[in-house]
Amino acid sequence: MEKETVSKASVYEEWLEKNRRYLWNPFTQMKDYFVHEPVIVERGDGVTLTDVKGRTYYDGNASVWLNVHGHNRRELNEAIIRQLDRIAHSTLLGMANVPAIRLAERLVEITPPGLNKVFYSDSGAEAVEVAIKMAFLYWKRIGRPKKRMFLSMKSAYHGDTVGAVSVGGIDRFHAAYDALLFPTEKVGYPYPYRYPGSPEACAQASLEELRQKLEEKGEQIAGLILEPMIQGAGGMVVMPPGFLKEVERLCREYEVLLLADEVATGFGRTGEMFACDHEQVQPDLLTAAKGITGGYLPVAATLATDAIYEAFYGDYEEMKTFFHGHSYTGNQLGCAAALANLDLFERDGLIQRIRESGEALDRAFEPLRCLEHVGEVRSLGLMAGVELVRNRETREAYPAEERVGFRVCQRAKERGLITRPLGDVITFLPPLCVGKQELSEMVQILHSAIRDVTEK
Ligand code: PMP
């Protein structure tokens with residue numbers, strides 16, 4: 001037993017050294033990475049990850065908000081292997097494959113009505129790029145080229161490619177790229193916790209700002225892009241009820257396409273298959289990725305209405321073709337995983353289970369709400385954030401340099417829970433299959449980690 005521990009430790013040292021020598025990790029200050037010991041994952045089972053040292057952690061981040069049925073789920077593994085025995089990948093450039101066709105049909109069936117065409121890509125950011133380019137060209141194709149600007153929300157996050165960053169609004173991530181981006185119009189996302197009034201008044205103020213912007217610039221605006229119902233990387237901020245429906249109405253009134261970025265919220269995360277379903281909103285374009293393959297393989301999709309599709313349809317000479325595509329688009333392994341993912345959703349009655357888990361999570365959070373430095377706990381389904389503050393009464397934030405959120409996550413990791421901070425908002429998005437007991441153990445670890453850091 002002792003021998004095994006020694007050998008695991010030396011294996012870890014070797015990988016750590018090579019990691020630091022060769023790998024540049026995303027969204028990671030590599031200097032920190034040299035100071036704090038990283039988890040080097042070796043395997044996953046259900047809602048846990050095990051590292052090369054043999055230590056097991058709860059995956060409170062569902063990889064990056066995307067694992068659905070747990071790690072190492074037999075049905076998903078088998079679906080991928082079955083497909084691998086046929087072909088791993090061909091292309092969708094001018095041809096097709098059966099898993100991609102079958103998946104497109106299923107996606108049209110499960111997304112909000114009116115979205116009838118599926119354009120694949122490989123990541124959430126790409127799906128957003130596709131949606132932006134489609135919206136931009138749509139107006140040009142139908143003879144209204146002046147409508148070429150985009151409206152997006154402050155604190156929005158839509159991915160890291162240049163187009164997606166242009167419609168993003170998180171200064172910490174995006175401001176440095178300013179000179180590289182195309183100009184966009186921004187309006188405030190309702191953030192009731194940080195608004196000096198009721199949630200209703202907060203929603204009204206944001207809607208009024210949006211209405212004024214549309215009144216002023218609507219003729220030049222091609223589309224409004226937003227994260228429906230809950231803004232993720234912006235701090236897990238939940239929209240007040242009715243807000244999204246009203247945004248949809250304003251978009252129709254001012255002839256602006258509604259682009260719903262469901263990369264994070266899609267596939268059950270918020271307790272509905274898509275977040276737009278909470279308010280029966282029907283966007284013109286919808287982006288999906290993350291949970292689409294159950295969190296196994298990189299597949300993304302942009303769904304469009306017939307009206308948008310038809311604007312690109314015509315004789316080759318008319319130059320209406322949508323000139324966009326990636327080498328791995330429509331990958332068979334990914335599509336096979338996505339089909340198996342959707343089968344499991346049905347077989348496990350997962351949407352209903354997520355709703356119940358969401359309610360259990362809300363109850364499990366009750367003790368956290370009493371902690372001295374917890375300002376607000378927000379969640380929708382299994383998408384949650386805990387906002388830490390220096391002073392609960394005044395809602396004063398901690399100074400950024402104290403890195404309180406980061407330290408809480410480090411402490412949670414030591415106690416066996418992986419999660420990530422967004423500033424001082426601790427995100428909690430476990431795999432959607434999480435059981436009630438696991439959920440409560442994870443929240444208890446989070447509770448202890450917050451106390452360890454903030455009450456000392
Ligand atoms: N849109 C939203 C709303 C997201 O949360 C993310 C990723 N967190 C993206 C787009 C980008 O997705 P990807 O990381 O797959 O490019």
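Cβ atoms are placed via backbone N, Cα and C, with glycine included.
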Of ASP51, ASP59, ASP178, ASP261, residue recorded by TrEMBL at the pyridoxal 5'-phosphate site of GLY124, ALA125, HIS326, SER327: ASP261
Coiled coil per TrEMBL - which of 88-115, 200-227, 228-255, 368-395: 200-227
Binding-site residues near ligand 1 among GLY124, ALA125, GLY325 (Cβ under 6 Å): GLY124, ALA125
Rounded Cα-Cα span from TYR157 (substrate binding site) to SER327 (pyridoxal 5'-phosphate binding site), Å: 25
Distance [Cα-Cα, Å, rounded] between ASP261 (pyridoxal 5'-phosphate binding site) and TYR157 (substrate binding site): 9
Sparsest Cβ surroundings (other CB atoms within 10 Å) among the binding-site residues GLY124, GLY325: GLY325
Between GLY124 (pyridoxal 5'-phosphate binding site) and GLY325 (substrate binding site): CA-CA distance (Å): 14
Cβ atoms near LYS290 (substrate binding site) (within 10 Å, other residues, all chains): 28
Cβ neighbours of TYR157 (substrate binding site) where a neighbour is any other Cβ within 10 Å: 27
